[in-house]
Structures are given as C-alpha cells and as structure tokens.
Amino acid sequence: MKLPVSILFFISVSQILAFNNVIVTQKEVEIGVGETASITFQIKNHTSSTLNQTRIQLSQSPYITNPDVVLVDNWWANVTVSGERPVAGEILEALNCTTDGEEVCSLDLLDAYSRITVIRSHWLAILIQIVGWTYFAAWSVSFYPQMYLNFKRKSVVGLNFDFLSLNLVGFGAYAMFNLLMYYNSHVKNIYSMENPRSPPPVLLNDVVFAVHAFLACFVTILQCIFYERDQQRISTKCIILIIGLVSFGFVSVVVTVLNKITILDFVVSLSYIKMAVTCCKYFPQAYFNYQRKSTVGWSIGNILLDFTGGSLDILQMVLQAINVNDWSAFYANPVKFGLGFVSIFFDIIFMIQHYALYPDAEVPHNEYHGVDNPDPDSIVRDAEHGAADNESMESTDPIIVHD
C-alpha cells in the first residue's frame, strides 16, 4: 500500500526535526533586578556539521537584557541575561536561525525557550516559600482535629452529614483532577498544545494534598458509621445535589468517550464540581449549628487551621504580586480568588458561632473540653450546687433540635 505524498512529506520533515532541534537546559530562571544569569542553548541530535556555525536570533524584552543574536560554537551557545524590571515568567525564545549555505532555518526551535522571572528581593522570595509551605501544612492538618474530636467523644453528633458528604464528593473530584493532570500523558500533551510554553498547572504537592484530603474525608465518614450519630442523616436536598454533581461527571465521561470533547475538557469539568461544592458545602453546617444553638461536635480546630491556610494563601498571592509587580493573579482568575474568600467568610461565621453566640451550650458528650469544646460556665455552676442539682441535671434530657 502506497502512502499519500503529503503524509510521506510530513513523516520526513518530522524525522528531520526530531534530530536537528535546539533546546534550553534552564527552563525556569529566577534573578533579581540588576542581576545576571547564563542560559545555555544546545543543538541536539545534529545530523550536519554545518549546523555548528548556526546563528540564533533571540527575542527582546523591556524586562530583561540579552543579545539579539548568539553564535553556536561546538553545538553550544551561552547567553547572558540581566534583569531590568520585575516580571513573572517572561519568555526568552529563539525566533529564527541562519546557517552557512542554507537560506531557511533547518532547526526545530519549538523547545528553545526559557521562562525568566525577575524579582525585587530574594528575601521576599524566601518568605513567599515559607508562607506557601505553612499554608500547605495548615490545610493538610486541618482534617485531623475533627477526626480526633470524634474519637474522643465516640460520637459524631454535631457534625453535619450534608457538609461531610459534599466534602467527600468535592475532594474526590479534585483528587481525580490532579491525578489526571499530573500523571496522564495524553492530558498533559493536550494541555501543552493548547497552552504552549506554559508551566505545569498541577504540581506534586497538589496531588498529595488532594488525595490526602479525600482519604481524610473518607475516614471521617467511617467514623460516622461506627460512632454514635443520634438521628442525623443526609438531607434529601443534599442527596439531590450530589446526584446532580455525579450526573454531571457521568455525562462528561460519556461525551468524552463519544469524542465530543477532549479528555482535557473532561478533567477541567472535574474542577467545576469542586468549585460548586465549595460554594455550597458550608451552608448546612452553619445552619445546623444555628438550629442546635451549639457548635459542640463541630471542631473549631478544623476552622482555625482552614482560616490560617486560606489567609496565608492570599498573603502569598499578595507577596508574589509585590515581588514581580504583577497583580494579574487577582483578576485573571476571579473564580479561584472568590472561592478562597468564600471559605474565609464561612470560617469567620463558624468562629463567631463558637466563641460568641454558643460558647456555653449543653448538649450530649460535652464532657470533652479543650480547644474544641470550652468548659461551659453553666456546668461549673451546676457542679457547685450539690447533689440535688446533680440529680436534676441527670433527669434532664439533652437539648437537641433536629431538622
């Protein structure tokens, strides 16, 4: 069987470009204003000795200074760049090339680029890293106070099951999103084609956090199965919402299999599920606390850590914007920024409920005190009244208001 001439030509060109390509060994470079760095351009898999006399034309930018043209010597060319003004991710790339005896550049320049970030201060960059790891740790640890509280009380009374169910669905979708974006080569290839020369959208710490969060939610659900839960159930409204979210994910799978959308579009749809969950998951717990007039059973430690993580996340964005003089992160992705503020807003609501509105509530299993359940003054006063008052307290039914 003979192949069409166009296909044969494409294969031949692809084979040539696969050999004669230029790469940059330093894909990410960070320098301060007034500092310099050396970037290496290298011709890989060369097939002709004439390519050793190649001149590469480089891009120019007001943020960095570099030569217009660099001469390749012995298949290598070192380029010195200096930072002029703060900028994030400025691309230095090879625009064209000329070789003795050839009128057209025969080199593949697709990978001949470097992302250069010019910062104001290295000390500020170190602070940004510290803040980043701190909020990562705070968010990662934030799941454990609730699990510990459930274990100490041997009860999940006070933990709203709607919140927990939505959290499991949200982090399940988020974990799948990160796993596919980080490990699936097909997804990464499509992303690279649609977003050429963009940094990876998902890093390993994103994958670790998402999977860890999903497992933590799953363990908490197991506690709800084995510990006392009174009459608490998942509400009908929450079940309908979860069915809707799962159905959306299932439809996305179907249209992906039918080649109506790419697998990258399917992966992005998983992030929409997480965003939808974040927007609505806090309402059930806040309303549940209001109904019970108590936060006992709902760990304030979780909220304090989540508030710390969210606040430090925004602080890191501010510090990064200052260091590179780029505030686009706040308006270029308003959804992410808005969701962060939604979480912080509800964290403040929960802290007001716990410390101001319902600090002395009497509910079942309030005998565990500490950071999660402060010792109510009313219980201390009752203990001082003697046996008569104690008998009265023992005969009084716990105060719980059900849905």
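Including glycine, each Cβ sits where the backbone N, Cα and C put it.
Here's what Swiss-Prot has on this protein:
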- 1-122: topological domain 'Lumenal' (TOPO_DOM)
- ASN45: N-linked glycosylation site (CARBOHYD)
- ASN52: N-linked glycosylation site (CARBOHYD)
- ASN78: N-linked glycosylation site (CARBOHYD)
- ASN96: N-linked glycosylation site (CARBOHYD)
- 144-162: topological domain 'Cytoplasmic' (TOPO_DOM)
- 184-206: topological domain 'Lumenal' (TOPO_DOM)
- 228-237: topological domain 'Cytoplasmic' (TOPO_DOM)
- 266-326: domain 'PQ-loop 2' (DOMAIN)
- 284-294: topological domain 'Cytoplasmic' (TOPO_DOM)
- 316-336: topological domain 'Lumenal' (TOPO_DOM)
- 358-403: topological domain 'Cytoplasmic' (TOPO_DOM)
- 374-388: compositional bias 'Basic and acidic residues' (COMPBIAS)
In three-state DSSP terms, the structure that ASN96 (N-linked glycosylation site) belongs to: strand
Contact set, same chain, for the topological domain 'Lumenal' (184-206): CB under 8 Å, 6 or more residues outside the stretch: 28, 89, 91, 93, 113, 115, 136, 177-178, 262-264, 267
For ASN78 (N-linked glycosylation site): intrachain residues, at least 6 apart, with Cβ closer than 8 Å: SER38, ILE39, THR40, PHE41
PLDDT averaged over the residues of the topological domain 'Cytoplasmic' (144-162): 96
Cβ neighbours of ASN96 (N-linked glycosylation site) where a neighbour is any other Cβ within 10 Å: 13
DSSP three-state assignment (helix, strand or coil) for ASN78 (N-linked glycosylation site): strand
Spatial separation of ASN96 (N-linked glycosylation site) from ASN45 (N-linked glycosylation site) - C-alpha basis, Å: 18
Number of helical, extended and coil residues in the topological domain 'Cytoplasmic' (228-237), per DSSP: 2 helix, 1 strand, 7 coil
Neighbour tally for ASN45 (N-linked glycosylation site), based on other Cβ positions within 10 Å of its Cβ: 11
